[in-house]
Structures are given as C-alpha cells and as structure tokens.
C-alpha cells in the first residue's frame with residue numbers, strides 16, 4: 001500500500017476555469033486540512049482525487065501520484081482511499097439496510113464480510129446495539145448516526161488514506177464532538193493519511209498536522225498547523241484564523 005499520495009498541478013474547468021494548479025501531498029499518519037470558503041474549490045479537488053467529477057466539469061491538467069508513480073483515481077477509490085462524505089444521507093441507497101451496505105462494501109474490496117466483522121466496525125464507532133443498527137434503513141437513522149456509519153464503512157475498507165469532506169457539517173455540537181473523537185481514534189489506531197476538508201478552524205486546530213488554504217480555486221497558503229495559526233501570511237488565512245480566535249475573545253497578533 002502507498003505511503004504517500006500526491007495531487008500535482010490539478011486544473012479543473014467547466015464553462016470557465018474552476019481549480020488552478022492545485023498541488024497537495026497526503027502522507028500516512030498525518031492529517032492535511034483543506035480549508036477555505038464555500039465555492040473555493042475544496043470539494044471539486046477531492047472529487048478529482050477520486051475520479052468522480054460532476055457532469056460538465058473536466059480535468060484539464062495535472063496528475064495524481066502514489067509513492068511518486070502516476071495512478072488513475074479509479075484505482076485509488078475505495079481500495080486505497082476511503083471517503084466520508086459531507087451529506088451521508090445521499091451516500092446510502094434508501095432501499096438497502098445498513099447490513100447490505102456494509103456487506104457489499106466489504107465484498108467489493110475483497111474484505112471479510114461476516115457479521116462479526118461488521119458488528120465490530122459498528123461498535124468501534126460507538127453505535128449501540130449493532131444487530132439492530134444493521135437492520136435499519138437510512139431513513140430510520142439520524143444524521144449523526146449516518147455519519148458514524150460512514151466512518152464505520154471507512155474502517156471496514158482498511159484503506160491507507162481517507163478523504164473526509166466536511167464530516168461535521170449540519171450536526172449538533174454533541175454529534176460533532178463524537179465524530180471528531182472517532183476521527184482522532186482512527187488516526188491513533190490505523191494511522192492513515194487523511195485529507196480533512198472543512199471551513200471550521202476549530203476542527204483544524206484539533207485534528208490537523210498541516211493546512212492548505214484555498215481561495216478562488218487556488219492554494220494561497222500551505223504549512224504546518226502551528227505556523228499557520230501563529231503567523232498566517234495570506235489575507236484569506238488571516239481572516240479565517242481571526243474569526244476563529246474571536247470566538248474565544250482573542251485577537252490575531254499584528
């Protein structure tokens with residue numbers, strides 16, 4: 001399994017250019033946070049890495065490399081990169097139970113799909129009464145439960161890399177804290193490389209090792225999390241950090 005995945009000079013276009021020469025490097029055991037405002041190109045960049053660009057959007061430049069060798073996004077998706085999506089409800093077939101979803105995921109990746117394996121993954125993400133959960137349909141579960149189920153699926157994949165696209169969006173404070181606890185636990189136990197897409201600098205401060213800031217389809221600043229919080233250089237970064245500090249009655253040093 002690869003130890004590093006690199007997005008190199010990725011450019012995306014629809015009727016007009018959307019993402020301009022984005023380069024990111026994911027390393028096993030480290031969390032890279034990709035931050036920026038809505039429409040900055042974060043989710044499109046993730047879609048390019050997974051080979052799931054929306055209709056009308058095409059990649060016009062750049063490549064993806066695994067341990068320095070060019071690779072197709074389709075060869076990475078699922079096997080080498082697990083995904084935790086922004087809207088978990090849209091990721092599940094409403095006609096299938098959680099048992100069917102989990103079992104089919106495992107079988108597609110050649111992983112064990114016995115009930116004991118599925119139950120262990122569900123219990124690992126804090127969902128009580130795994131036997132009952134496996135019988136549930138998506139409409140019978142809350143957003144927080146579905147997000148935890150998404151994380152359970154990522155655990156089942158045993159992929160060396162994870163892309164988590166706004167994993168705490170639209171969840172209440174308690175559910176957000178639980179999801180962050182789970183992501184932290186995965187990093188400690190499995191040490192994948194994680195691309196964490198978020199607009200919440202509190203999430204960045206808690207989980208990230210490195211940060212890349214996007215604005216208007218470009219990476220405008222990139223570095224380790226401590227340096228970025230203590231000495232942000234770009235105006236967009238300074239704005240994000242200042243807004244976060246203001247929540248605690250603090251100000252960014254001049």
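Backbone N, Cα and C define each Cβ position, glycine as well.
Copied over from Swiss-Prot, here are the features:
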type    : residues                       : note
BINDING : 36, 37, 38, 39, 40, 41, 42, 43 : ATP binding site
DOMAIN  : 2-241                          : domain 'ABC transporter'
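Positions of Swiss-Prot features highlighted on the structure.
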{"residue": "36", "record": "ATP binding site", "Cβ within 10 Å": "24"}
{"residue": "37", "record": "ATP binding site", "Cβ within 10 Å": "15"}
{"residue": "38", "record": "ATP binding site", "Cβ within 10 Å": "7"}
{"residue": "39", "record": "ATP binding site", "Cβ within 10 Å": "13"}
{"residue": "40", "record": "ATP binding site", "Cβ within 10 Å": "22"}
{"residue": "41", "record": "ATP binding site", "Cβ within 10 Å": "23"}
{"residue": "42", "record": "ATP binding site", "Cβ within 10 Å": "25"}
{"residue": "43", "record": "ATP binding site", "Cβ within 10 Å": "18"}
Three-class DSSP secondary structure - residue 42 (ATP binding site): helix
Listed in sequence order, residues not in 36, 37, 38, 39, 40, 41, 42, 43 with Cβ within 8 Å of the centre of the ATP site Cβ atoms: 199, 214, 215
Average pLDDT across the domain 'ABC transporter' (2-241), rounded to a whole number: 92
